[in-house]
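Q: There's a structure below that I have some questions on.
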Amino acid sequence: MALIATKISSRSCFVSAYPNNSPTFLISKFPNTVDSLSPANTAKRSILRNVHASVSNPSKQFHNKTSLEYLHELNIKKIKNILSANVDVPSENLEMIDVIQSLGIDLHFRQEIEQTLHMIYKEGLQFNGDLHEIALRFRLLRQEGHYVQEIIFKNILDKKGGFKDVVKNDVKGLTELFEASELRVEGEETLDGAREFTYSRLNELCSGRESHQKQEIMKSLAQPRHKTVRGLTSKRFTSMIKIAGQEDPEWLQSLLRVAEIDSIRLKSLTQGEMSQTFKWWTELGLEKDVEKARSQPLKWHTWSMKILQDPTLTEQRLDLTKPISLVYVIDDIFDVYGELEELTIFTRVVERWDHKGLKTLPKYMRVCFEALDMITTEISMKIYKSHGWNPTYALRQSWASLCKAFLVEAKWFNSGYLPTTEEYMKNGVVSSGVHLVMLHAYILLGEELTKEKVELIESNPGIVSSAATILRLWDDLGSAKDENQDGTDGSYVECYLNEYKGSTVDEARTHVAQKISRAWKRLNRECLNPCPFSRSFSKACLNIARTVPLMYSYDDDQRLPDEYLKSLM
């Protein structure tokens, strides 16, 4: 029913992949051989180990904190100089940009990356280069919001529209084409075919083989970069670097140093934010008054960390965690606690924001609304002081919409009514809680707080509703109930089976998977220029969709273990 809340719910194989003129450095992504004792590998391990030691052990720092910061800035400046030096031949920066983004350190190089990709986009369609280069160019441009037409891949197709034999054993190129295909939008038949062909062909090439290269390919197929939250892609990427056995360019070593220091800083930042979140939740006191409701501040702040990933947005993440926590609590009130009559009154109170109407409600509902009012007022005052605009009305309306959607589902369950799939999804997109959370995120980012933009966000635009559809349907693919929930309600799968008599569960689940794929295509399209929203907000919408699969990785007890959540930080 609610956001973030579940209801019912060997080497020989690849030897032909590298043309003689292929770049030899690592991340082209897969080496021809893996030698964990190679000099290059030993050097890379040493870089990572020494940087970590210098940061984590004060007695082994270069001299003092200033020295470490100086070296960090020196490495950043070195990379910026390389990117700027290639300004007349921007395509030479593509591999470096891919590495920077894969390591999650693009915050330091935003201007240089934007300038490079903009220049490449202005050059128009480029059909020259091998498959890997073409697909990489396509992916990087689309990630930045540039609409590159799929016709760029015409040279790899034969006259019948199939893929030419020359690319069928190009593992490096096929892998990059697979990654690029995940940014396709509706109506792109060439990329639909590329996704199906590369997935099948790469599995075929890897069949019966055991190697690190195979493992990395299989990880890419299971977790394509575009649909995977950044923290996991950077960890996977660093792991690849550590065991790659090739001579890599000097700039890669500089990037590794930057990434390692950033990683250590981020861990410290995260620990501080989590400490503040736990303190806030304890002082709020809801855990005592709404005893059966979930108390999971670690999980709630994990969502905020993944949605707003810029390290400079600590205050915004802490504030976003607060409404996320209330989504969970109110969801449990509707699912577990409340009688239908009480839920109807509670919804009316939220809709009118009427404190007087609380008198007839039980204490846990009164306390919950008071917490909701306090959080909404706190956020509104902060935004008004910072930006001169009062978001109170918009925030209250989002809570009213959520509660009304919860109430609809409560009535369905109470009466035994199983809605049509269309009815279910129309309401489910709202009851997912994604719209409410993304409205808060938009306001907290403080970008373009104009009447027109806020009204657009309030209307649950495609960039938000697509992400909500992904969450709702992912939720319903799960067969387990969320932890600590005694209540139940219908799922899309149940509605489908009821509406399409004779269908099997497998057929229903296949249908759901197809709808998720279409929702991703719509979300991809919404994030391309011209987009009415900032890149930071577009990325936040992508991030919430990327985070969904992670938050449904339950253990045997249908819980998200704390250690698992900590590993995501």
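Note: Cβ is positioned from N, Cα and C throughout, glycine not excepted.
Below are the features I grabbed from Swiss-Prot:
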BINDING   ARG294, ASP331, ASP335, ARG472, ASP475  (2E)-geranyl diphosphate binding site
MOTIF     331-335  motif 'DDXXD motif'
BINDING   ASP331, ASP335  Mg(2+) 1 binding site
BINDING   ASP475, SER479, GLU483  Mg(2+) 3 binding site
Q: When neighbour density is defined as the number of other C-beta atoms within 10 angstroms of a residue's C-beta, which of the binding-site residues ARG294, ARG472 has the lowest density?
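A: Each of the binding-site residues ARG294, ARG472 was scored; lowest Cβ tally within 10 Å is ARG294.
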Q: Please list, for the motif 'DDXXD motif' (331-335), how many residues fall into helix, strand and coil according to DSSP.
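A: The motif 'DDXXD motif' (331-335) comes out at 5 helix, 0 strand, 0 coil.
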Q: Looking only at Cβ atoms, how many others are within 10 Å of the one on ASP335 ((2E)-geranyl diphosphate binding site)?
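A: Taking every protein chain into account, the count is 25.
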Q: Rounded to whole angstrom, what's the largest C-alpha distance between any two of ARG294, ASP331, ASP335, ARG472, ASP475, listed as binding (2E)-geranyl diphosphate?
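A: Overall maximum Cα spacing for these binding residues reaches 19 Å.
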Q: Could you tell me the mean pLDDT over the motif 'DDXXD motif' (331-335), as a whole number?
A: 93
Q: Across all the protein chains here, work out how many other Cβ atoms are within 10 Å of the Cβ of ASP331 ((2E)-geranyl diphosphate binding site).
A: 26
Q: What count of other C-beta atoms do you get within 10 angstroms of the C-beta of ASP475 ((2E)-geranyl diphosphate binding site), across all chains shown?
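A: ASP475 ((2E)-geranyl diphosphate binding site) is surrounded by 25 other Cβ atoms within 10 Å.
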Q: Helix, strand or coil: which one is ASP475 ((2E)-geranyl diphosphate binding site) in, per DSSP?
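A: Looking at the DSSP assignment, ASP475 ((2E)-geranyl diphosphate binding site) belongs to a helix.
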